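What follows is a single structure, written as structure tokens, with notes after it.
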């Protein structure tokens, strides 16, 4: 049997040579668990004569990755093999790779099709010695296999389908793309990115330094007008943004209701549903950046709109196809008045914005007065019990996980953009809260801080380092506003006027574990608060320093910060004594701030996978989970838990199987000590009340909002109702992003008896009616006895 080498020559397969190559990459790994010989034996079994060395390396990497459940070091080894393979297949010198990317000729039409901009290339070539020597290629070996495969699949630029960039090249391209001729700042950013202190968002990593540097993640639009022109102009904006890889939030509350008169044609409106189906097809057709991700639009509606009941049905799996639009995402923009009416089971009036104008243009007391006035004037199209609508909302959430819940009055009351007008919606991921209008499309550029990195070897948290990195991030995101490619003019108008940015986090759960703080402990709750205090303080300080140099943003005059009112003041909270807020307020009074908004903890799905961290502000969902790559699916055990069990001599095949049998929970495994059971509770074992309380604690330092998922293993209407009301009363802006539930049955252990199925189908319809009655009773019970109701102990 022979292999074909990279130079085209042939060589016989040598067991020792393969083992030696793997052995060289095992430095620093736990030799009690990692066995290169075993990997070689498995690799040899999968070989055939004429295999290339590239394929051999790929097979070796995947073989190591399948052993990740034995020990997390296998994921590191798998990545090292894959990275070493990439290094052999790519050029080393950064400036040469950038030249190749610029000189690319498309073989289909023989046209010069540069993949980076001429400006980027010129800067790189003018500073090539500094930039080339600043890159530390060994840092490529710090990724785990699944992080590296994510980079390889979507982030590293390719020439004719073959990866041309190494991860370090990409990070330097991004840094130069942001900082241009400021080489010192580019190298500083490169070092922080490559050492994994933080990461820019996916669109920034995809597009920085290219011909179309569309570096923004989030776009928010309000319908331009309730007319064919307004609707299709907005739809065109959505298509152009989606084409450039942006996620979108759209406020649709101004669109007239079903059956209302249209003066221009002397006809009647078809309402929201047909319009949303057009949006649905646009999202399917125009994906984000040419097949990188599917197009994604979230539609925001206020619950007084006459079409609200139809809106809540749109994502459901059953029902008439022409009444469904399942590729969109749905969100409610909820005024406090609705929550009050649900609580007291008052009446709720459904209205058409054409007959009752201005409801989406005001909030708080002004909204309540206008709404009551329209009710008294008899302008409502339909009156229902508020709890009837609430029931429909809960039913939709239980079935589809949506609509998202955002509280309109909290979003406006606690916004630094109150001086601009009423905020009408959030974005696709519910963490951006910005003003939109007919001539302004709100935009946000994001980055996330890897919190696990700030835990020292002495198990202390380095707040100073967190502050210094935050200040760099603010400067980077502020620069992106000026160098960004804007898919529509209205987005550029908005972003350059108000200059918002969004700083989030990832690895909060990892930081707690490294500090040995159980997620619900008082220590974790204090650290949670102080982390966000620090980020908010440092972000304001950095933005104030930028304002001293360049002046405050255009619409600064009259905003709460200009009056000395910061986010925690709006929440009526007092910070801890970690930072000197009085001194900062004095600085801001003198110089202002350069950015209207600063913090927005986002979901971080892809970038957390790249850096090997748990997502965002979330607890671990399971201690055993799957990672998919193109070659297949791999099972992974929480690396922190695996390390702890290994150190205590508790890790073996039997333990692994017990954790799998318990679906990733360790709470009922007798051999595991109590301190580890506390530390490794999954989100299903943590009180959601604590999750909501911690969201409110950090919320006092978050001037936008946060992507907050709610996890209830088996939701009933009572639990869900009590949980929503608790979040609302805590003052949250985002009450819920997704409702996550556990599947009704474990697919691995589930078999079905056909006779049983027939019996079940007979009894289902009568049980459905009983279930509905029980759900209604549970919902009412939880509203009447929110503090005592046992059903609602979430």
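Backbone N, Cα and C atoms are what each Cβ position is placed from, and that goes for glycine too.
For the domain 'ATP-cone' (1-92), the model's average pLDDT works out to 81. The annotation domain 'ATP-cone' is assigned in Swiss-Prot to 1-92.
Residues or ranges marked as ATP binding site by Swiss-Prot on the basis of similarity to another entry: 5, 6, 11, 12, 13, 14, 15, 16, 17, 53, 57. Sequence-distant neighbours of residue 17 (ATP binding site) (same chain, 6+ residues apart, CB-CB distance under 8 A): none. Secondary structure at residue 17 (ATP binding site), taken from DSSP and collapsed to helix, strand or coil, is helix.
Around residue 202 (GDP binding site), the C-beta neighbours below 8 angstroms that are at least 6 residues distant in the chain are 154, 155, 217, 606, 607. What Swiss-Prot records for 202, 217, 427, 431, 604, 605, 606, 607 is GDP binding site.
Taking a C-beta cut-off of under 8 angstroms and a sequence separation of 6 or more, residue 444 (disulfide bond) has the following same-chain neighbours: 216, 217, 218, 427, 432, 434, 500, 501, 502, 597, 600, 704. The feature disulfide bond is assigned by Swiss-Prot to 218-444, with similarity to another entry given as support.
In the three-state DSSP scheme, residue 226 (dTTP binding site) is classed as coil. Summarising the annotation, Swiss-Prot assigns dTTP binding site to 226, 227, 228, 243, 256, 263, 264.
Among the features that Swiss-Prot reports, active site, proton acceptor is placed at 427 (among others), with the record citing similarity to another entry. In this structure, residue 427 (GDP binding site) belongs to neither helix nor strand by DSSP; it is coil.
Annotation for residue 429 (active site, cysteine radical intermediate): same-chain Cβ neighbours under 8 Å, separated by at least 6 residues, are 218, 247, 602, 603, 707, 737. Residues or ranges marked as active site, cysteine radical intermediate by Swiss-Prot on the basis of similarity to another entry: 429.
Counting every protein chain shown, the number of other Cβ atoms lying within 10 Å of the Cβ of residue 431 (GDP binding site) is 28. Per Swiss-Prot, the feature active site, proton acceptor maps to 431 (among others).
Counting every protein chain shown, the Cβ of residue 737 (site 'Important for electron transfer') has 26 other Cβ atoms within 10 Å. The annotation site 'Important for electron transfer' is assigned in Swiss-Prot to 737 (among others).
Within 10 Å of the C-beta atom of residue 738 (site 'Important for electron transfer') sit 19 other C-beta atoms, taking all shown protein chains into account. Swiss-Prot lists 738 (among others) with the feature site 'Important for electron transfer', giving similarity to another entry as the kind of evidence.
Residues or ranges marked as site 'Interacts with thioredoxin/glutaredoxin' by Swiss-Prot: 789 (among others).
As annotated by Swiss-Prot, site 'Interacts with thioredoxin/glutaredoxin' applies to 792 (among others).
Across the fold, the C-alpha of residue 5 (ATP binding site) and the C-alpha of residue 605 (GDP binding site) stand 37 Å from each other. DSSP assigns residue 11 (ATP binding site) to a strand segment in the three-state reduction. Within 10 Å of the C-beta atom of residue 11 (ATP binding site) sit 11 other C-beta atoms, taking all shown protein chains into account. Around the Cβ of residue 57 (ATP binding site), 22 further Cβ atoms fall within 10 Å across all displayed protein chains.
Across the domain 'ATP-cone' (1-92), DSSP classifies residues as 51 helix, 8 strand, 33 coil. The recorded positions shown are 226, 228, 256, 604, 738; of these, the one with its CA atom nearest the CA of residue 11 (ATP binding site) is 604. The distance from the Cα of residue 15 (ATP binding site) to the Cα of residue 227 (dTTP binding site) comes to 72 Å.
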